[in-house]
Amino acid sequence: MASTTLSNFGLSLFNPLHHQRKKRPKSLLSSSRTNPRLVSSINDHLALTRVTHPLLQSHSTPKRRFHVGVQREYSDGEGSESLVSDATYQEEFSWSSVILPFLFPALGGLLFGYDIGATSGATISLQSADLSGITWFNLSAIQLGLVVSGSLYGALLGSLLAYGIADFLGRKRQLIAAALLYIFGGVVTANAPELGVLLAGRLLYGLGIGLAMHGAPLYIAETCPSQIRGTLVSLKELFIVLGILLGYFVGSFLIDSVGGWRFMYGFSAPVAVLMGLGMWTLPPSPRWLLLRAVQGKGSFQDLKEKAIISLSKLRGRPPGDKESERQIEDTLLSLKSAYGQQESEGNFLEVFQGPNLKAFIIGGGLVLFQQITGQPSVLYYAGQILQSAGFSAASDATKVSVVIGFFKLLMTWVAVLKVDDLGRRPLLIGGVSGIALSLVLLSAYYKFLGGFPFVAVGALLLYVGCYQISFGPISWLMVSEIFPIRTRGKGISLAVLTNFASNAVVTFAFSPLKELLGAENLFLLFGAIAILSLLFVIFSVPETKGLSLEDIESKILK
């Protein structure tokens, strides 16, 4: 049960036409606060690019160009006329340079999902007198609960740790630290000679989860082009689901092996090595470097030059190219305007003030409702629901998990494909509405529709599908992009902490609530919470599709 509850934490990327937009922010590192002289200079350049570049590039070219809408006014000498230019600056980047900065951070999500899936099989192997290969296999309910939820407690501690060190370490080094914790945690757990060492390994692995789930969305959102930010951050959720499936398959393959639980947990270490080595080769986040420069945390010129080189590498351009230099200058203007008159580093309570508080209400509210709308409880009843409908596979918990895992994967893929087309709000509103409806149907099934098992099966699939196109990926996408850059590290760490803490509350409150209310009333309670979450989305969550991170800060949070 407890292992299942974590799973809610839950490309047409290579289609060259998929992410085209008619209007785009001025650049990846765009500034909403520019002086007239700079705007004039940029507009003069844009007027030329309109003539010299075609609207669509050949499919065979290895680089993509995205159009960014800019308005400009001028006088023709005979009369003043305001014109809007629909053509525009075209940012170039190679797909290979975009994929790698996404892939290695996303492995942190895959390893989180793998722990969820592997634990379901490892707990069975661990308690087997014949197959555990240990003498302390007879675990009490409390001991087993600590094994299952040990990584959850570690993730809580990791979230607290990230709050204090994230902006000091930077996104890259934070993810390298997460990979090291994954490695040590997996190795210690796999070689544990006794229960205490096993629990220590689970805690270490959980610390890695906390750092990775904080650092991965930060690094991806800050380094990818704004045109595909929604797709890539949502794709990270797909990697979590892939990790869950991988854990299920490894568990199924090793379940009959003596000491199989050791291999299940140890399998994560090589993947973590790949993640760590990959992150080592990637450049640091240009936005983080510029934030450090503005805050006076190093030589301003050195940090600025490093940011230019970093952006050049992230876009597959020659080192220190003029285009990257221009984009960095734009972002510096924005940061200086926003933070030039403030203290170099905010205090502990800054995240609860002004625009930061608004961002935390949006991001924290989404990840809170993500947990308390009851996905752990719904998945707990999945086997029973499928059994009642006559599915023979439901008698095998592993097969049920795999079936649901594949469906989660499919629906997450739908969200990945559509998040940058439809936007965040439509997916959230439609998905949360479906969650509320499915919970009411499940309540009705247990109350008076017990003779119609197809209602329960349909409600179960509706719930899982709607969750995976809404709360699953979109909550983390919004968290990664809604916080101002000055408090983004602290804000995301608080959102991750909120998610894991509410996950723990739902996990431990489920059993007493089930006994007190019964399944029918418990689902009805979750349905009422889902309706509240729908109202929250409608009235509090903005649309961020197509906006750069600087535009979100200047236009939505002000």
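Quick reminder: no glycine exception, Cβ is built from N, Cα and C everywhere.
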Transmembrane segment per TrEMBL - which of 93-114, 401-422: 93-114
Contact between the transmembrane segment (261-282) and the transmembrane segment (175-193) (at least 3 Cβ pairs under 8 Å, separation 6+): yes
Reported mean pLDDT - the domain 'Major facilitator superfamily (MFS) profile' (101-545): 86
